[in-house]
Amino acid sequence: MLISVALGQVLSLLICGISLTSKYLSEDFHANTPVFQSFLNYILLFLVYTTTLAVRQGEENLLAILRRRWWKYMILGLIDLEANYLVVKAYQYTTLTSIQLLDCFVIPVVILLSWFFLLIRYKAVHFIGIVVCILGMGCMAGADVLVGRQQGAGENKLVGDLLVLGGATLYGISNVWEEYIIRTLSRVEFLGMIGLFGAFFSGIQLAIMEHKELLKVPWDWQIGLLYVGFSACMFGLYSFMPVVIKKTSATSVNLSLLTADLYSLFCGLFLFHYKFSGLYLLSFFTILIGLVLYSSTSTYIAQDPRVYKQFRNPSGPVVDLPTTAQVEPSVTYTSLGQETEEEPHVRVA
């Protein structure tokens, strides 16, 4: 349980680094280039993971994967890119508090998709933990109002709020799809395909929408260092998140990421002279309590054993085995807690 919580906080710290470098780029150097920043991350993923797939042999080779399921990864790459873009774009229209609260919409999206598509089942303690985490976010939003942290209020608040909801929905789809792939295929395949199609689509979007903004950037060593820092944190987040999702779940990861705004705030107290409120500490510990409650009990999967095999699209011939009697459908309960080799699988016919 403690390991699960700690792994989630590592992801939150990486997001904190992403937020700080983005803030410096946009406010101090007026470099509003969200697509270019995503493009740098996808290029790194391409260089590391896509090239790894390219040199593999057999069914795990890049060309073999593309032949079988290229269109699925194309859709996933587009979803992942637009999720990042919509949330960053929302800062131009709505308030920081609205973004923090509405971004929590990703949690019910992940829960519903996990329930219907991954067949994950939750217990009462999981829902209690989720509610406690969301209450902690509400406490942080209230503290923002009290100390006057309303940065980001822009032209049209409704447009900004809709952008956040759209981005949160796409994030939820991407995270659940990611969990599905890394549990049935491999982490390297997921990251390699995201790097390939993410770089392709972000390159097109960069050329169409952001090339003028890129020319306005006053390039110097400080800006270059900020872009390097942002790319390093984003690459670390993408590389490490599949590891954490496989050990926990997409729902647990998104609950853990609620503390990322608080880490950014604590850094901002020293770097940007934010005003402090005791409610921030209360919010932080409330979210941690919710995470501990959620992680204290394992979720489980109720599924037909053939469900996860459908994504593999085996190239070999299908052999029909003779059956002597009609087999009743079964339900498999599999723990999603810390993975151990000794953990037995209980089958209930």
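Every residue, even glycine, has its Cβ placed from backbone N, Cα and C.
Feature annotations, courtesy of TrEMBL:
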- 39-58: transmembrane segment (TRANSMEM)
- 70-87: transmembrane segment (TRANSMEM)
- 99-120: transmembrane segment (TRANSMEM)
- 127-146: transmembrane segment (TRANSMEM)
- 158-178: transmembrane segment (TRANSMEM)
- 190-209: transmembrane segment (TRANSMEM)
- 221-241: transmembrane segment (TRANSMEM)
- 253-274: transmembrane segment (TRANSMEM)
- 280-302: transmembrane segment (TRANSMEM)
Outside the transmembrane segment (280-302), six or more residues from its ends: residues with CB under 8 Å to it: 1, 4-5, 8, 118-123, 125-126, 128-137, 139-140, 143, 248-249, 251-252, 255-256, 258-259, 262, 265-266, 331-337
Feature contact check the transmembrane segment (70-87) with the transmembrane segment (190-209), CB under 8 Å, 3 or more pairs: yes
Leading contact stretch, 70-87, 99-120, 127-146, 158-178, 221-241 vs the transmembrane segment (39-58) - CB distance under 8 Å: 221-241
Top Cβ-contact partner of the transmembrane segment (158-178) among 70-87, 99-120, 127-146, 221-241, 253-274 (pairs under 8 Å): 99-120
Long-range Cβ neighbours of the transmembrane segment (221-241) (under 8 Å; 6 or more residues past either end): 10-11, 14-15, 17-18, 21-22, 24-25, 29, 31, 37-38, 40-41, 44-45, 48, 178, 191, 194, 253
